[in-house]
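Trainee: For A:50, A:52, A:106, A:109, the entry in TrEMBL reads Zn(2+) binding site.
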């Protein structure tokens, strides 16, 4: 569709790649798109990851459309007072029947590094980005003197997993007998590999 | 971790993918770890059928992403505002693409709530509160019209944001686009409602 603004080359390429991709899928699996549209989505996994362009969950896990429900924000945060992430969690568990929640942090995270450095120097939150990072800055204030930044990145994932486990949505799911699991992973930018931190929480433990 | 039939295959596919990439493009990951320089911020739906990097055949490093229920950009949402600010000011993206999609469950729920026999009650759960603006928007529209109107409204919200207005005021030509992803065909469509420094 023609835009009133001439389309930048970057975006033009995106449209071309999308068209090419759609054609390839249509050729390989003729009913893929109509079926995808007609059926409800039934992903089993909610990925709570970072907005970082280098961590596109479906590419790094070679997943097909329909497999992973996704919420991505700065430094893969989950806190109960954040309506955005809360709504995604509630929709995932309550409406879609997702059973596995993966908090995926990653190495060389800019948001985490920013919080880590601010924790060491201290300043009041002013902008939305400041306010967003404030809890992580607070954590860094307590821990950054004794942890390297990559250890702090892992601690961040553990803390977000704890927040999920303490949330009303998860507690209610477990209380009703639904075995939702919460996992903490790290994506290593240097190797392209996902690593399970082994801090999984389930209904029974 | 005990064998998990859902996640174990995910981790295996990742290991295979990483191996394949390393073979095809030796040094890709080491280079990628040095920094990111995406030109595009995608604000899209959390819907599992709309993975931006797969449907645009993009490589890691190309698209900075925020995905939430029904691709919202609420002025009072620190989460989305922080993503926008970081993307524009720290990462240096020049295009914001707000992408809605057909068959959106969030849009369908809002449409039903707004146009049902009884008027929607006060929002009770976080999801209710999250969707409240879209429920208000939905009155009198079809579900399909709502998907498009929602994208228009979010593009407007973006254009009015502190981050974007400040960028334009300082001479940066950041552009805000509204797109729709059509599930039935796998195709992206530009709604032609782009806002730029000189045309907003």
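Count begins at 1; order follows the chain as displayed.
Here the Cβ of each residue, glycine as well, is placed from N, Cα and C on the backbone.
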Trainee: Near chain B by Cβ (under 8 Å): which of the binding-site residues A:50, A:52, A:106, A:109?
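Mentor: Out of A:50, A:52, A:106, A:109, A:52 lie under 8 Å of chain B.
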Trainee: Return one of helix, strand or coil for residue A:106 (Zn(2+) binding site), based on DSSP.
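Mentor: Residue A:106 (Zn(2+) binding site) sits in a strand per DSSP.
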Trainee: Report the residues of the chain - excluding A:50, A:52, A:106, A:109 - with C-beta within 8 Å of the mean position of the site's C-beta atoms, for the recorded Zn(2+) site, in sequence order.
Mentor: A:49, A:51, A:54, A:55, A:75, A:76, A:105, A:107, A:108, A:110, A:111, A:112, A:187, A:189
Trainee: So what sits near residue A:106 (Zn(2+) binding site) in its own chain, CB-to-CB under 8 Å and at least six residues off in sequence?
Mentor: A:49, A:50, A:52, A:54, A:55, A:76, A:153, A:186, A:187, A:188, A:189
Trainee: What's the number of neighbouring CB atoms sitting within 10 A of the CB on residue A:109 (Zn(2+) binding site)?
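Mentor: Taking every protein chain into account, the count is 27.
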Trainee: In the three-state scheme derived from DSSP, which category covers residue A:52 (Zn(2+) binding site)?
Mentor: coil
